[in-house]
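Engineer: From TrEMBL, here are the annotated features:
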- 11-432: domain 'THIF-type NAD/FAD binding fold' (DOMAIN)
- 19-24, D43, 51-54, K67, 112-117: ATP binding site (BINDING)
- C153, C156, C432, C435: Zn(2+) binding site (BINDING)
- C168: active site, glycyl thioester intermediate (ACT_SITE)
- 266-290: region 'Disordered' (REGION)
- 273-290: compositional bias 'Polar residues' (COMPBIAS)
- 314-369: domain 'Ubiquitin-activating enzyme SCCH' (DOMAIN)
- 442-534: domain 'Ubiquitin/SUMO-activating enzyme ubiquitin-like' (DOMAIN)
- 535-596: region 'Disordered' (REGION)
- 547-556: compositional bias 'Polar residues' (COMPBIAS)
- 561-572: compositional bias 'Basic and acidic residues' (COMPBIAS)
- 587-596: compositional bias 'Basic and acidic residues' (COMPBIAS)
Amino acid sequence: MDSPHHFSVVKGAKVLMVGAGGIGCELLKTLALSGFQDIHIIDMDTIEVSNLNRQFLFRQSHVGLSKARVAREAVLKFRPQISITPYHANVKDSNFDLDFFKQFNVVLNGLDNLDARRHVNRLCLAAEVPLVESGTTGFLGQVTVHVKGKTECYECQPKPAPKTYPVCTITSTPSKFVHCIVWAKELLFTKLFGDKNQENDLNVRSGDAASSSNHVEDVFERRNDEDIDQYGKRIYDHVFGYNIEMALSNEETWKNRNRPKPVYIRDSLPDAPTQQNGNVEKNGTTNDPSSVSAMASLGMKNPQDIWSLKENSRIFLEALKLFFLKREKDIGNLTFDKDDQLAVEFVTAAANIRASSFGIPLHSLFEAKGIAGNIVHAVATTNAIIAGLIVIEAIKVLQNDTKRYRMTYCLEHPSRKMLLMPVEPFEPNKSCYVCSETPLLLEINMHRSKLIDIIEKIVKPKLGMTSPTIMHGSDILYETGDDLDEDLLASYAAKADTVLSELSCLMNGGSMLTITDLFQELRCDINIKHREAFDEEKEPDGMVLSGWNQAPSEENNGGDKSPDNNEKETVLSKKRKLSEDGLQSEETTRANKKLEVIDEDDDLVMLDDGDFGTFKKRQS
């Protein structure tokens, strides 16, 4: 690779990096040291204290500053002769359009979310600019190459959907600690500190919500004559005591389950008046709300300790008090943030108290933060390895060395003495609606569902479009844009709120909708088919989209060969079995590779030429 041609393509290349975090810091350094002269970086984030253990271009003094700008300044100190252009912005901003992407020779992704990845993939396809994708999760990582017409695009294979849990499990019958975390984070934290108008099943257990009394409905409102300690005690007794008592009243629920034990303040803190819980002054006079800490007030230091029920109860009451004393102006607008120390403390304590009630093992704040923030703790070495692999593939792309493109997986444990597993890229998936424009099928009850339901349940979340235009033939049914006048917007809003069967163009089944996103240069055709009934449990959207790359269910014996791991994201994994001669498995339709799902730990893959390795897949 060390040839005059190699150095000329590197020196003359114009490269776009998206993401300046864990992978991005390593990547920028490696690009600079590899001879790249013109690098552009997009990142919307600012530097946080939690970044400093692995994002080595940043220091304590940089906290709160733009990642892209600080990364540029740090690298220019040892490579002052190169050009680095930072953009402190969202890659989905309208400034980064098709013309912007067309100016680059290659795009290198170091992102941490599925939505942005899909957006960049679509713009690279439209601009016909090669994309090198990457991601890490702990010790696992991968680098993949996507070139229009030559390899599959990022969306040719399904990406696992976010793990969701039934409301009844969260509110009434938790069996895992993650259920308690979801309850504390999405229900209790939101009820106390978030949008008061948001519907919430917390006042009583979900089955009694419809018949709740006025007193119960107002239980989370702080009374005029109530001090913060009394309020905290009342909330504690209501959610951990009274609500559990109400749940126990339904004997049918507990026939085949362990019965929970109500927890009241008198039980968990029998000898400690709540008025003397902690020392608020230990938080000092900090101007940073996110640094306020209940642990500091109580003199507790180690986030890896597993607190007792008494300690969790003290943290719960102290955290609630600190929100009202130190951050009262934020109450009503707060959402959970894993970098908000007080929020993490409150959610950890609440989840542990609930776990104690249901006989579920307690967890440390460190563990709870990882679950609540969907975090797999990052490893700096993995990021460095992946960054090096990105640059190797980028150079191959710039040299148009198609035959040597590789998808490379970084493994946690050696397989046949290999920690890196290179795989030849797959060809484009002919059924991919993104790069092959294959029509999709939507089954929907046209007499009940509205156009807005398709937009909110299909077009935006599943197809990932941000600025969709929906047409039936030449008739525009829906459009977005700042340049539209009010009358037109009102007309589109009225159509969107209309039942499908009442739209003249969609009165009969078999109609086709054309959906475009001009910003992403993406077009998709959807055939509409009327269906009368849906399974509320298996098809909760009341509609079913076929032909798109939906994530395989946990019971599905097919699998995605791509792990698509991401820093800061949890792992959803399956295991493939290897026999002495290869895989004892079903034959896939993708390039005659063989896979078999065995359980939910690691993916073990055997390829036709004998290369193999393990990898994990993430939740997106």
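The backbone N, Cα and C atoms fix where each Cβ goes, and this holds for glycine too.
Since this is a predicted model, take the numbers as computed values, not measurements.
Context for these features, please: burial, neighbours, distances.
Structural biologist: Listed in sequence order, V18, G19, A20, G21, G24, S66, K67, A68, A71, P86, Y87, H88 are the same-chain residues at least 6 apart in sequence whose CB falls under 8 Å from the CB of D43 (ATP binding site).
Within 10 Å of the C-beta of C168 (active site, glycyl thioester intermediate) there are 13 other C-beta atoms, taking all protein chains into account.
Mapped onto DSSP classes, the domain 'Ubiquitin/SUMO-activating enzyme ubiquitin-like' (442-534) shows 26 helix, 29 strand, 38 coil.
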Engineer: Rounded to a whole number, how many Å is the Cα of N53 (ATP binding site) away from the Cα of C153 (Zn(2+) binding site)?
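Structural biologist: The Cα atom of N53 (ATP binding site) is 33 Å away from the Cα atom of C153 (Zn(2+) binding site).
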Engineer: Same chain, not part of C153, C156, C432, C435: whose C-beta falls within 8 angstroms of the C-beta centre of the Zn(2+) site? Give them in sequence order.
Structural biologist: L125, E152, Y154, E155, P428, N429, V434, S436
Engineer: What's the most sparsely packed of the binding-site residues C153, C432, C435, counting other C-beta atoms within 10 A?
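Structural biologist: Output over binding-site residues C153, C432, C435: least Cβ neighbours within 10 Å is C432.
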Engineer: If we check Cα distances from C153 (Zn(2+) binding site), which of the recorded positions G22, D112, D115, C168 wins as closest?
Structural biologist: D115
Engineer: From the recorded positions G22, D112, D115, C168, pick the residue whose C-alpha lies nearest to the C-alpha of C432 (Zn(2+) binding site).
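Structural biologist: Nearest listed residue in space: D115.
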Engineer: Out of the recorded positions G22, D112, D115, C168, give me the one sitting nearest to C435 (Zn(2+) binding site) by CA distance.
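Structural biologist: It is D115, whose Cα lies nearest.
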Engineer: Would you mind reading off the Cα separation of G22 (ATP binding site) from C168 (active site, glycyl thioester intermediate), to the nearest angstrom?
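Structural biologist: G22 (ATP binding site) and C168 (active site, glycyl thioester intermediate) have their Cα atoms 37 Å apart.
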